[in-house]
Amino acid sequence: MKKDFLCLTDWSLEELENLFTLAADLKAKQKAGEQHHLLKGKTLGMLFEKSSTRTRVSFEVGMYQLGGHALFLSSGSTQMGRGEPIKDTGRVMSRYVDGIMIRTFSQEGVEELAQWSTIPIINGLTDMYHPCQVMADLLTVIEHKKNYRDLTYCWIGDGNNMANSWINAAAMFGFELRVATPKGYEPHALVVERAKKLGARVTYLNDPLEAARGAHVLNTDVWASMGQEEEQAKRAAAFAGFQINAETIAAADPACILLHCLPAHRDEEITDEAIESSHAVVFDEAENRLHIQKAIMATLMA
């Protein structure tokens, strides 16, 4: 039976932890120059309605390193951009490729694509979730902190797809998470409610320094996500003070690490000084998109 990677809570804790183990193994093999062609002869179709640097490069390179091939398709270059129903696209693509990664706006659209496809679907990002990124983040924490489930995590900024994904992660892995957002910019209510039912240890605040106090991991994202450019000025005013900077770091654990999914708007949600500090592991984090996604693709498509 085919399996998809749409949202963390669709998978079991054991399955998610197996991805970390496989990613670490594939990363070690890549660093050692050992071939690991687990997807030889396989093709990944990559559907993009949102532009990207890290998502496209990491999936394309990942398929190459796994011995397969990746096919880039933008919405403007396919019939989806002209109104072809998702259920038709899913069934047609299922006859051509062995898996689909989609980066788009609507989570419902991704779930519909998965419903009608007979091949694995990977959520490369929606406005609701970014599961590949949060798994890369946690792989990075594991590399730097080891006992990642015993740490306190802090999210500062917008209650966006990354915040939603971190709440899902807290529900699945059981760690403590504090989410600090301005009033009116909280995470999605359905995500909050589901995490509560799953027993997640998540605290929601409007004070970033209180959220950061003693935290082992500080994390943030841009104040205005793709598609929200017209709200930039309004959001800049609302998010003033919700920044990772020297004061935030001083409030956290002395050995804290800083995460950011990138691209960063330096001196907005995070200062240039902070992102260049010894606490920041953002480029390890960016690299780990490659390794965790290879593990996801190998698990679903091998």
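Any Cβ shown, glycine's included, is placed from N, Cα and C.
From a predicted model like this one, the values you see are computed outputs, not experimental measurements.
Applying an 8 A CB threshold to same-chain residues 6+ apart, the list for CYS132 (carbamoyl phosphate binding site) reads PHE5, THR55, ILE122, ASN123, GLY124, LEU125, ARG289, ILE292, GLN293, ILE296. Here Swiss-Prot flags SER52, THR53, ARG54, THR55, GLN79, ARG103, HIS130, PRO131, CYS132, GLN133, CYS261, LEU262, ARG289 as carbamoyl phosphate binding site, drawing on sequence analysis.
The L-ornithine binding site annotation in Swiss-Prot covers ASN161, ASP221, SER225, MET226, and the record cites sequence analysis as its basis. Shown in sequence order, LEU125, THR126, ASP127, MET128, TYR129, HIS130, SER225 are the residues of the chain, 6+ apart in sequence, with a C-beta less than 8 angstroms from the C-beta of ASN161 (L-ornithine binding site).
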Problem - Between ASP221 (L-ornithine binding site) and SER52 (carbamoyl phosphate binding site): CA-CA distance (Å) - result: 15
Practice task
Other Cβ atoms within 10 Å is the metric here; tell me which of the binding-site residues ARG54, ARG289 scores highest.
Solution key: ARG289
Handout entry: Cα-to-Cα gap, ARG54 (carbamoyl phosphate binding site) vs ASP221 (L-ornithine binding site), nearest whole Å
Key = 15
Handout entry: Where CYS132 (carbamoyl phosphate binding site) sits in the secondary structure, as DSSP reduces it to three classes
Key = helix
